[in-house]
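**Student:** Sharing a structure here in structure tokens format.
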Amino acid sequence: MTLSFVTRWRDELPETYTALSPTPLNNARLIWHNTELANTLSIPSSLFKNGAGVWGGEALLPGMSPLAQVYSGHQFGVWAGQLGDGRGILLGEQLLADGTTMDWHLKGAGLTPYSRMGDGRAVLRSTIRESLASEAMHYLGIPTTRALSIVTSDSPVYRETAEPGAMLMRVAPSHLRFGHFEHFYYRRESEKVRQLADFAIRHYWSHLEDDEDKYRLWFSDVVARTASLIAQWQTVGFAHGVMNTDNMSLLGLTLDYGPFGFLDDYEPGFICNHSDHQGRYSFDNQPAVALWNLQRLAQTLSPFVAVDALNEALDSYQQVLLTHYGQRMRQKLGFMTEQKEDNALLNELFSLMARERSDYTRTFRMLSLTEQHSAASPLRDEFIDRAAFDDWFARYRGRLQQDEVSDSERQQLMQSVNPALVLRNWLAQRAIEAAEKGDMMELHRLHEALRNPFSDRDDDYVSRPPDWGKRLEVSCSS
């Protein structure tokens, strides 16, 4: 089958990019590809059998028209000016059978005009982390970019130490970022901001294109998508680590996996990025930061959208987030209905978990085994203060009995939303260290395991992290 590519971005937004081709690595070789995703995208298996090829930037497929995008943004709350694709190149937009498109974005593809002081490269460590994280999030049901392939090489790339140069093929319906809009707003080119909005509506919100109120309705949906995404992050214990405006997806996708981390111990103020000295992007601050980022996006639209309309959309953010968060947390607790005491029970559980540094994922998974008429719980042994747990658990069982559903029905629901497996940093690190020594088996095993996060397991993928794996420091270097 021949793949078809379109050039919408190149043709319709000519001032938002520089056309250029990838710069190949030395002795590049494909070490992993996403068979399931490739099948979904109707990519012929033969493309993965002919060396690095397109996956390593050594060849282009017919119809591809590679380019690096320019955007700007606020980083750690401070205006950073022009940024852009410093190491990534959008190879093309694949046209799918249903008429939608999928960006092919090659990360680590070499120098671009937007590399600033960087070398345009990515290292094997960061490409493995992003591939694992994006696929883990996808199978958790959270909107995200996807990973299609990883190529490693003999080209050294210098970060804290010399590391193998690598490339990741990332795919997504769009790479539109808040930062695209900021770039032209701060250049006082509001008509180009409008062109970006029109492009987004035309291709991703086409049902609004002929509505005279399209900009308000579109921005309201961007707010809703962002609120829903952040709510989902919070329910699975995911910390992004670097929520700069240029890393915010207009479509509400999880974008740009860098120093991310899933909670091990329940620590509301968890900081996964060791460069985040002030804790701006801590786990519990993510909802507020996302709203701040939306406010920056709204500012770029103010030349052609009424400020009252923008503020009305922004005002809806908190309620949308709380609604999505509340619904999912009730499911995680096994509540089939909404009762007034639900929030208190959840907050008391969080207080217990925070005091005892309980494992976030394991706590909710073990809670899924609760039998409402039995005071016994395997979760009890996870707490030192048994009296406090017993008090909470008795009230929790009483609440379960209000819903009048069977244990098996409730447990099935809880186990479908409380994963047994999340991508803990130590699991990723173990796969990285093996891969850097030439052993790709753990990378493939972990990818396969992450496809079934809600299935019971009895291996170390679902255990507490070992001592060496706790609080691994992760930086932005990639």
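Glycine too: its Cβ is placed from the backbone N, Cα and C atoms.
For GLY84, GLY86, ARG87, LYS107, ASP119, GLY120, ARG170, ARG177, ASP256, the entry in Swiss-Prot reads ATP binding site, with the evidence type sequence analysis. Annotation source Swiss-Prot lists active site, proton acceptor at ASP246, citing sequence analysis. Annotated Mg(2+) binding site per Swiss-Prot: ASN247, ASP256, in sequence order.
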**Student:** If you count Cβ atoms within 10 Å of each one, which of the binding-site residues ARG87, ARG170 comes out on top?
**Tutor:** ARG170
**Student:** Do any residues at least six apart in sequence from ASP119 (ATP binding site), in the same chain, have a Cβ closer than 8 Å to its Cβ, and if so which, in order?
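**Tutor:** For ASP119 (ATP binding site), the qualifying residues are ARG87, LEU111, VAL157, TYR158.
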**Student:** Please give the maximum pairwise Cα distance, in Å and rounded to a whole number, for the ATP-binding set GLY84, GLY86, ARG87, LYS107, ASP119, GLY120, ARG170, ARG177, ASP256.
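**Tutor:** The ATP-binding residues span at most 23 Å between Cα atoms.
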**Student:** Helix, strand or coil: which one is ARG170 (ATP binding site) in, per DSSP?
**Tutor:** strand
**Student:** Over all shown protein chains, what is the count of other CB atoms within 10 A of the CB belonging to ASP256 (ATP binding site)?
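**Tutor:** Within a 10 Å radius of the Cβ of ASP256 (ATP binding site) lie 23 other Cβ atoms.
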**Student:** May I ask for the distance between GLY84 (ATP binding site) and ASN247 (Mg(2+) binding site), taken between their Cα atoms and rounded to an integer number of Å?
**Tutor:** 11
**Student:** Quick one: give me the count of other CB atoms within 10 A of the CB of GLY84 (ATP binding site).
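**Tutor:** Here the count is 23.
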**Student:** Using C-alpha atoms only, work out the spacing between ASP246 (active site, proton acceptor) and ASP256 (ATP binding site) and round it to an integer in Å.
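**Tutor:** Per the Cα atoms, ASP246 (active site, proton acceptor) and ASP256 (ATP binding site) stand 9 Å apart.
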**Student:** Starting from the Cβ of the residue listed as 'active site, proton acceptor', draw a 10 Å sphere and report how many other Cβ atoms land inside it.
**Tutor:** 22
**Student:** Whole-number answer please: how many Å between the C-alpha atoms of ASP256 (ATP binding site) and ASN247 (Mg(2+) binding site)?
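**Tutor:** That separation, Cα to Cα, works out to 6 Å.
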**Student:** Between ASN247 (Mg(2+) binding site) and ARG170 (ATP binding site), what C-alpha distance do you get in Å?
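**Tutor:** About 14 Å separates the two Cα atoms.
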**Student:** What count of other C-beta atoms do you get within 10 angstroms of the C-beta of ASN247 (Mg(2+) binding site), across all chains shown?
**Tutor:** 21
